[in-house]
Every structure is written in structure tokens, then in C-alpha cells.
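Undergrad: Handing you a structure now.
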Amino acid sequence: MTVLGHPRSWSCQCLPVLILLLGTGHGPGVEGVTRYKAGDPVILYVNKVGPYHNPQETYHYYQLPVCCPEKIRHKSLSLGEVLDGDRMAESLYEIRFRENVEKKILCHMQLSSAQVEQLRQAIEELYYFEFVVDDLPIRGFVGYMEESGFLPHSHKIGLWTHLDFHLEFHGDRIIFANVSVRDVKPHSLDGLRSDEILGLTHTYSVRWSETSVEHRSDRRRGDDGGFFPRTLEIHWLSIINSMVLVFLLVGFVAVILMRVLRNDLARYNLDEETTSGSSSDDFDQGDNGWKIIHTDVFRFPPYRGLLCAVLGVGAQFLALGTGIIVMALLGMFNVHRHGAINSAAILLYALTCCISGYVSSHFYRQIGGERWVWNIILTTSLFSVPFFLTWSVVNSVHWANGSTQALPATTILLLLTVWLLVGFPLTVIGGIFGKNNASPFDAPCRTKNIAREIPPQPWYKSTLIHMTVGGFLPFSAISVELYYIFATVWGREQYTLYGILFFVFAILLSVGACISIALTYFQLSGEDYRWWWRSVLSVGSTGLFIFLYSVFYYARRSNMSGAVQTVEFFGYSLLTGYVFFLMLGTISFFSSLKFIRYIYVNLKMD
């Protein structure tokens, strides 16, 4: 249940123009360069509040009935910080470098019964707050809740009206910041009448201490008090499980399948020599298996424009995913902040649009497509339209509930401008180059005008069974790793094991390619030449398994709840499954195409 109403008028009238950069920007926790002299003012920014178990449901701190200045002044933010839901504003806390403060009054407040109820609901939903001091985030809970006993049952709600700030410095720089309520007694919000006005006095203390640590990154993990889990431990069991699966699968394809192919090629080529004097019709009647469909296997599929668009966008996301992981491995942005990765992903998506245009248009012209303009429009819309529709619903829910995750108008205009001025033009340019550089489709076999009749197929060679097998095996290779990724994206953990992530990503692509080749061979052996779309669907169905896992994670592995978090989780989980369908479908198709060309090139035919 959302306890915060619509944003106040300040969010529309007083929000300053954000400095929105397409670079990675700096988020809280990034090593700063600010240097202070004794007595210099240190600005403390209030940022956001939200339910602890709903990471994507955040609101501005001043939407709660708390001490607030008469005129709210916001801090200019980078694009990554805005996408991460940050909305920093100056606070009433007066902090000076190396000057201790003992129980200084922040403000006096008179709260109505409605405001008290708003605070009670926020505390019951475990609302936490986030402040920022010199780019260092400090977090704490809004209040205290105690619920114990069945008979008699007790339910106590208390508000923290005093905060102890602990800051460490080295020389002229701030190294560490934290907030504590360890020795503070909460102010009870229980037993108030509906017409009673609650008087509160908010106070705070500041304690400075010198540390021998020279840089923020040198501090030991967990020194921030462990409010959020910092990093994930290396999960060797997941890595070993994936490696064993990949080695077994690659061994299956390389040994068993190649041995079967060798026997097939030897038999078919021997039959070719012994029946060289026979007519081609007699040759077809005496043969069976994948050789007999050599005149149909390269027959172009229906909906070729849509197929090429899928391949183009899938190739783009393969490049995008690889680029993000490589950038993280090279340390090109601060991997401890989601905002930095979001900014890099937006920039890379815009720049890699040329790949989708080139691959789609190039293959579309190769297989005889004529409406290349329509193909470009379809390619640029295949992901952007579903993403825009999903984002519109999610952003509208955030906006209706006053969440800071709702993007400001300036950010929306910037992102739209990036797509219109960079993404879409690069798609068109890539499409033009792809069309002009396309050569005729290189098919080792001639295709007859009349399609061959496909014999009835057993149930285990149906599209549904192939999708089940082809989707489950790649999913099983990354299923353990998925938990850690979900815990990072939808939880509080910090993922820094990008070397392992790159390894798992390579495993996923390898397993998808091997499964695609095996399933395509079984399909062709049954004299079914409709492999084009089947190869995309068989391994692309991994995206469906990933979405089903997201449903399981939401229900069994998380404590998320509420309309805001639920809409965002399932909306973006659907998009994630769709992206994996495009990526793995593309890998599957081109692996099958290369395999089919290989076996028919090595087949002796008239």
C-alpha cells in the first residue's frame, strides 16, 4: 500500500533544470575530489524514501511530514542518477567540517492526525531514507516497529526524532559517513486521538573522527554498517555446474552428431556414385533423410521481413550485452551504481542501432526482399515500440503514486531526442549500407519451384517439444546465476563479478548454438525443411523460461509487494524475456544456417 500521495507543487514548479549527461556521471559513493578546511560547511542532501523490500518504489524525502525548508533547492543530477530515482535536495542540517554538534534542534513540528497516520503507515512498511554527504550515501529507517506475542499481542510504532551522524575524515577529505539511532529512544505514535495534534522536536548530533584510511575504496567491506548487502560472494557451484553442462553438450554435438553426419555423408555419397547413371527422380525415390530435401531446405520462409527484423535486433542486443560486460571488466564506469550502467546502456543502444539496420537489411536483400524501407521501419520498431508501451504503463503508475522513479519531462525529452537524432538515423544508415553490400544468397543446392510434401512428423519432433527442449537446456545452464542477477537488479545486493558474468554469457550462447544445431539436424532427418522459423523459436524460447523464473522469484524469493513494484517488475521482466528471445533466436538461426550449409556443401549431388 502506498502511503505517499501525489507529489507536491514543488515537484512541478521548483524542480531545477537537470544537467543530463549521456556520460556515466557520478553517483553516491564515487570517489570525490572535494576538499575542506576546518569549519567549512558540508552540505547534506536528502534524497529519497521507500519500502525496504521494494527497491524500485521510491519517493522524495520531503513527501513525508518531516522538517523541510521553506524553499526547496535541488541538486543538479546526471542522467544515471535520474534513472536511478535520485532527487536530491538541500536539507536543514548544518554540518561543518571537523566541528562536533551535540543534540542540536533541527525544527519543531505540529502534526495532524492524518500526518501521524502517514508516518505510521510508512514505518509499518519499513520505509528507509537515504541522505547524501559529499557523494556518500547514508541510510537509515524512518521509525521503529515492534510486534511480539500472540496472547497478549503488542504492536508498537515509534518515530526516530534524533539522528546521530558519524563522519570520518583524512586530512581535508571526507572518507566515510553513517547515521545511527543506537542510543536513541523512538517517539511513540501509539494511543493518539483522531483530533489530537502531535508536537515533535527533531534534533541531531554530528561526531567527527580522524581515520588512517586515505581513500574511500580502501575501507573494508561492511564498514558502512551493512544497511544493504554490499557484494556477492563467488558462487563456484554455479560455475562448475555450467561448465559441466557445456562440456557435456559440446561433446554430444561434436562427437555423436559429427559421427552420425560422417556416416550419413559416407552413405549418401556412396549412393550417389552407385546411382550416377540413374535419373534424378529415381535417385530421390531411393533415398530418405535430410538428403532428399536438398531441393527445399533453402526455400525462403514466410514473413521474411519479420524474420530479418528479429535477426537484426537480436544482433544489436548481442553487441549491446557484450559491450556492457566488457566495459564493466575494463572499469570504464562505476560498477557499484546502477545509474552508471543505465547511462552506458542507453548510449550503447543508440550507437548499436546501426548493427540492427545493417544485419536486417543485408539478410533481407539476400533472401529476395524488395520492400526494404518497410523492413527498416519494422526493425526500428521491433523493440522500441514494446519498450515504449511497457515504459508508459510503468511510468504512469509511478507518476500516479508520486514515486521518484517517474522520469521528469526533461529526461523524457532527452531520451526521445537521443533516439530520434542518433538511434533511428543510425538504423537507416546501417540499413542502406546493408542493402547496398548484399550479395545473392549463397545456397549450395538449387531450389525446385514446387515444394516437396512433408511426411507426418512424430510428436517429439513438433515445434512445442523443440521449444521446450531448446529453451530449457540453455536456461538450466544459467539458472543458478539468474538468482544472483535478480538479487542485484530487483534486490539490494551489489554485483561486481563481471568476469563470471562474461563467462556465463559465453556459456549461454554456446549452449544455445549447440542445441540449435542438434534440433535442426533431427528436424531435417525427418524430411521437414521448415527450419527457418523453427530454429529461432526453439532456442529463443529460453526467454519464456526466464520470465517464468521471474514469476517464481517474485512469489518465492522476494518480499516485494504493492502495485508500483509489481507493475514494474513484471513489465520489465516481460521485456527481459523478449530481449533474450531476440538474442538467442539470432544465435540459434545463424548457427543452424552455418550447419546446414556445411552438410550440404559436403554432399555430392548432380
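Backbone N, Cα and C atoms are what each Cβ position is placed from, and that goes for glycine too.
Worth saying up front: this structure is predicted, and the values here are computed from it rather than measured.
The following feature annotations were taken from TrEMBL:
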- 1-32: signal peptide (SIGNAL)
- 236-258: transmembrane segment (TRANSMEM)
- 306-333: transmembrane segment (TRANSMEM)
- 339-360: transmembrane segment (TRANSMEM)
- 372-394: transmembrane segment (TRANSMEM)
- 406-433: transmembrane segment (TRANSMEM)
- 464-486: transmembrane segment (TRANSMEM)
- 498-519: transmembrane segment (TRANSMEM)
- 531-555: transmembrane segment (TRANSMEM)
- 575-596: transmembrane segment (TRANSMEM)
Undergrad: Given pairs 6 or more apart, does the transmembrane segment (464-486) have at least three Cβ pairs under 8 Å with the transmembrane segment (531-555)?
TA: yes
Undergrad: Do the transmembrane segment (406-433) and the transmembrane segment (498-519) come close, with at least three CB pairs under 8 A (pairs 6 or more apart in sequence)?
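TA: By the criterion, they do not touch.
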Undergrad: Taking 3+ C-beta pairs under 8 angstroms (sequence gap of 6 or more) as contact, is the transmembrane segment (372-394) in contact with the transmembrane segment (575-596)?
TA: yes
Undergrad: Should anything in the same chain at least six residues away from the transmembrane segment (339-360) have a Cβ under 8 Å from its Cβ atoms, list it; otherwise answer none.
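TA: Distal contacts: 21-25, 27, 78-84, 86, 308-309, 311-313, 315-316, 319-320, 323-324, 327-328, 332-333, 375-376, 379-380, 415, 418-419, 422-424, 426-434.
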